[in-house]
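For reference, the structure discussed in these notes is given below.
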Amino acid sequence: MFLHQCHLNEKGLPENCIQDIGVEPEPLDKTNLTRYELARDQLREECSFYFNEGEEDPIPLCCDIDQIFAMTEGFKNIIPFTRCPTCAANLKSVYCQFSCSPNQSEFVTDYTRENPWFQEGYINNHPSYASSVTVNIYASYAEKIFNSCKDVSLPSTGGSVLASACGDYGATWCTPERWFKYMNDPDENPFTPFLVTYTQVNDSVSGALNFKIFDCNESWPNSSACTCVDCPSSCSAFHYNTLDDEFLLSGCISVLSLLIAGGLITLAFLTAIVVVVIRFRRPRSPVTPDSKRNGDKVHEALEDIFRSIGKTMAEERIKVLIMCLLVIICLSSGVVLMQLTTDPIQIWAAPNSQSRLEKDYFDQNFGPFYRTNQIFIKTVGIESFNFSSAYGNVTFGPGFNKTFLLAVFELQKKIENITIQSTDEHGRLISKGLESICYAPMRTVFSGERTINECTVMSLLGLFNNDIETFNKTAMYEDNLEKLISCPQSPYSTNCLAPYGGPVMPGLALGGASKDNNYLDAVGVTLTFLAENKLDTDELADTLAWEAEFIKFLEKWDDEERPEFMDIAYSAERSIQDGIDDLSESEASTVVISYVVMFVYIAIALGRFTNAREILFESKILLAVGGIIIVMSSVSCSLGVCGYAGISTTLLTIEVIPFLVLAVGVDNIFIIVQAHQRKERNKSVTLADDVGDTLGRVGPSMMLTSCSEICCFAIATLSSMPAVHTFAVYATVAVLFNFFLQITAFVALLSLDQERYESNRLDMLFCVKIEKT
């Protein structure tokens with residue numbers, strides 16, 4: 001019936017000639033052998049059932065070479081379905097039958113005849129062409145094709161292909177009838193050359209389109225079945241064996257056997273402990289100097305070393321303090337070179353980690369991922385409501401309340417009007433808005449001046465062309481609700497696209513909604529504003545400024561303008577970085593308070609108060625101040641050394657290190673001072689010898705604990721995570737400096753304080769001597 005092409009429509013797509021009844025199917029024209037072979041090969045690949053076994057040429061058909069080319073070109077529209085080979089082959093069989101079947105007259109029931117004479121687009125010397133065709137198709141046949149394709153997934157959207165290939169109905173309300181209508185109606189599908197109406201009839205009717213069909217878990221000849229992802233019936237069923245009554249480990253060891261073995265091992269271990277204890281409790285022969293253990297010799301050697309260090313520090317206490325002060329100043333000066341990192345990526349992702357390498361590669365080759373600024377808006381005290389739609393009775397969640405949505409859209413418009421002050425390439429002060437920094441994926445170099453409608457804004461208002469007036473028309477609100485039902489099911493439909501040229505994804509635009517309920521139970525909405533990202537952070541100055549104004553505006557709006565029927569939460573791309581900065585600033589006071597409290601505690605705890613008149617005499621205020629300064633100096637030296645070394649750090653590390661070193665340093669202060677206080681003063685030795693004896697007693701234990709802490713933190717430097725690595729490096733260096741300063745500078749301060757004490761002079765008031773009672 002429809003042989004050759006006679007007309008090109010306004011889209012440039014061909015429409016077929018109408019042949020009189022009785023015109024026989026024709027073999028393909030071999031006049032141009034190259035075109036014939038190409039058409040024959042395409043027909044063999046897509047419609048192999050038109051070839052008899054062993055034959056090179058196809059059977060006579062109701063289509064010519066141009067129609068075959070047009071048909072196979074149209075197969076590009078079903079490429080998304082080719083993930084499921086069976087689905088694609090089923091669809092192609094329908095179009096092969098419609099376009100070329102020698103039995104067209106059996107299933108074509110009606111058509112609209114147009115006369116091409118003197119019409120624009122006339123391409124053949126033929127009296128008429130068909131602008132629309134009506135075809136009978138068996139309902140069972142259409143349903144089998146639909147079932148083979150309905151679960152084919154579309155990875156780019158995370159949904160199914162049917163969600164964007166069934167018009168406003170989406171995958172949820174799509175049926176075989178609606179699907180065939182969308183695919184063959186040029187008003188809905190711009191790639192369709194003319195209207196083809198498929199009328200579904202039952203199997204008792206004769207003369208309808210029908211052909212062999214395969215389920216998605218079956219395969220056409222020389223093809224493969226669909227995978228489990230695109231065809232649930234292809235998924236292997238799981239067969240669980242009945243569990244044995246007796247539980248076995250590794251399939252062979254019973255729990256009882258394991259308990260018995262564990263009991264025997266425990267008994268043997270306890271027996272060994274008892275034997276060892278009994279052996280060590282037996283009387284031993286007297287220990288002579290020659291039989292001392294190696295451990296005792298090492299301990300004595302360490303005591304001698306620390307005794308010598310302590311004596312030297314006490315004798316040269318002024319020189320020691322001056323030298324320590326100079327070293328602290330020199331090392332701490334490196335703080336000005338310290339590199340602070342607040343970027344979360346640089347804090348938590350190692351430069352050589354696989355994820356970081358892949359991200360850097362992506363950023364350098366495709367550009368960094370866009371920056372996200374979001375507002376999460378939840379309804380308060382708003383109830384769900386029912387609506388009778390074309391899809392049936394629907395219950396809308398409170399997030400679709402008109403008053404609520406109007407307030408949300410007004411907030412959106414206010415945010416789109418946020419401006420910042422910036423400078424142009426000539427240094428002149430200008431105002432810039434969201435349109436100057438937003439992510440506009442559809443914009444090209446030929447787009448002209450940037451506009452707000454080019455910005456990617458995920459909002460329900462995008463379904464209404466970002467126009468509140470369009471949404472707010474009372475007479476049209478029922479149509480708005482219809483759109484709010486259909487567009488979440490088919491966000492890629494042409495009438496559901498936002499002004500920026502892309503979809504409004506329901507998972508981003510609606511909050512508290514479930515996919516099982518078609519997103520209609522939403523209790524809130526989300527506004528998402530995407531900003532363009534740059535590799536060069538210097539180019540982000542305007543973006544960062546706008547995001548700061550975004551946060552500032554919302555803080556004020558939340559306090560002064562927010563309606564009572566909503567709650568909001570919001571974040572900008574810079575929020576995490578700002579949070580790190582704010583936390584660091586807020587913790588500074590905590591560090592100061594901690595050190596003050598520790599100073600007071602040390603000053604009181606180190607003193608030995610006997611009566612009120614001797615408080616300043618017995619107190620250790622200056623010694624406590626010195627101890628705190630030494631702890632702080634070890635922290636500053638750590639920061640300075642790492643600054644000289646170019647090791648970057650975070651503000652959180654700088655906050656934690658003082659607490660860590662304070663805990664270690666205070667312990668050592670108490671160990672040294674109280675060991676000296678509790679030791680009876682030998683008047684026959686000098687003060688330096690006495691202080692050296694104190695350090696000789698406690699020095700080895702201090703060294704052991706400090707070495708243990710240093711080794712623990714040094715091991716942690718093996719971590720590749722930047723935050724952990726830098727913290728471990730800074731902590732290792734800080735504990736090391738703390739130990740050396742305490743066995744040098746603090747010992748020198750202790751000798752000065754002891755000299756003051758033995759001279760009966762007051763703490764802090766050295767010139768005042770008292771008569772000790």
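Backbone N, Cα and C define each Cβ position, glycine as well.
So that you can see what the record holds, here are the features copied from TrEMBL:
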type	residues	note
DOMAIN	587-752	domain 'SSD'
TRANSMEM	255-278	transmembrane segment
TRANSMEM	320-340	transmembrane segment
TRANSMEM	592-609	transmembrane segment
TRANSMEM	621-646	transmembrane segment
TRANSMEM	652-673	transmembrane segment
TRANSMEM	727-752	transmembrane segment
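When the stretches 255-278, 320-340, 621-646, 652-673 are ranked by Cβ pairs under 8 Å to the transmembrane segment (727-752), first place goes to 621-646.
Computed over the domain 'SSD' (587-752), the whole-number mean pLDDT of the model equals 84. Relative to the transmembrane segment (621-646), the listed stretch 320-340 leads the set 255-278, 320-340, 652-673 in CB pairs under 8 A.
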